[in-house]
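One structure is given here, and the rest of the page talks about it.
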Amino acid sequence: MPSQPSSQDKAKILAEALPYIQRFHGKTIVIKYGGNAMTEENLKKCFAHDVALLKVVGMNPVIVHGGGPQINDMLKRVGKQGAFIQGMRVTDAETMDVVEMVLGLINKEIVNLINQHGGRAVGLTGKDGSFIRAKKMLVRDKERGQEWVDLGQVGEIEGIDPALIELLETRDFIPVIAPVGVGSRGESYNINADLVAGGLALVLNAEKLILLTNTPGVLNKDGSLLTGLTAQEVDELIADGTISGGMIPKISSALDAVKSGVKTCHIIDGRVEHGLLLEVLTDEGVGTLIKAN
């Protein structure tokens, strides 16, 4: 059993956190919440605690959550097989109904947990106030010779109106957002949560974008953690296949964000207890730092 930190150790931890609390006071931090951190009970409580604490010390956390594993489980229960192309879920009308139902349940659970830990969280989707406008996404399928593929009700972001989120921030609420957008005819679109988080970071002029994953960060082909990457290095890693699958939308979101003015993006291990606090409030941080150059 690991030894408990002494009072002096705790004082050192608080002293190390102080300059970061001062630096990020009043700043917006967009956090994409997903992976094991959403399914393991202790990790869920740690995340809710961390988010509430960041708000208490003066930061403005904005949460965007996924729900891939839970959606997959529900699709199996109703007899549907999930399919992915370039890390994006193929979404027909029936699948979209399941996506909205499951994301709604997840959203309320996150809101409730944060509130239990002293925060004031409010659950939203991009359809509320039509603040995330979307259109149909087409992707090239490399396995079909770069053929354009219709993914159904999978959307790409046309625009985000930050007014609703900014209003909630000024009233000291914590927005918790499910990644569903609305089309021009009122139709629902399933949008990759990493891309929604990146888009929100841009329009909110966020100080940081943090993406929680089920890996220590971005790994090279030997499985070693890459602690820092530039845009050029990311392009090279995608070209040689080191970055693939579900990591591609995360990296794309990170690159778009830092190229457009978000100061830093971090891809961190959501399986580490209090990893969010370690990233924001300590000297070393955790995971992979993405920079424009």
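Residue 1 is the first one shown; counting continues down the chain.
Every residue gets a Cβ built from N, Cα and C, even glycine.
According to Swiss-Prot, the feature substrate binding site maps to Gly67, Gly68, Arg89, Asn190, an assignment based on sequence analysis. If you take the C-beta of Gly68 (substrate binding site) and look for same-chain residues 6 or more apart in sequence within under 8 angstroms, you find Gly34, Arg89.
According to DSSP, Lys32 (site 'Transition state stabilizer') sits within a strand segment. The number of other CB atoms found within 10 A of the CB of Lys32 (site 'Transition state stabilizer'), across every protein chain shown, is 31. For Lys32 (among others), the entry in Swiss-Prot reads site 'Transition state stabilizer'.
According to its DSSP assignment, Lys250 (site 'Transition state stabilizer') is helical. If you look up Swiss-Prot, you'll see Lys250 (among others) marked as site 'Transition state stabilizer', on the strength of sequence analysis.
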Which of the recorded positions Lys32, Gly67, Asn190 has its Cα nearest to the Cα of Lys250 (site 'Transition state stabilizer')?
Lys32
If you count the C-beta atoms lying within 10 Å of each candidate's C-beta, which of the recorded positions Arg89, Lys250 ends up with the smallest number?
Arg89
Rounded distance in angstrom between the Cα atoms of Gly67 (substrate binding site) and Lys32 (site 'Transition state stabilizer'):
11
For the substrate site given as Gly67, Gly68, Arg89, Asn190, which other residues of the same chain have their Cβ within 8 Å of the site's Cβ centre?
Gly66, Ile71, Thr91, Val99, Leu103, Pro179, Asn192, Ala193
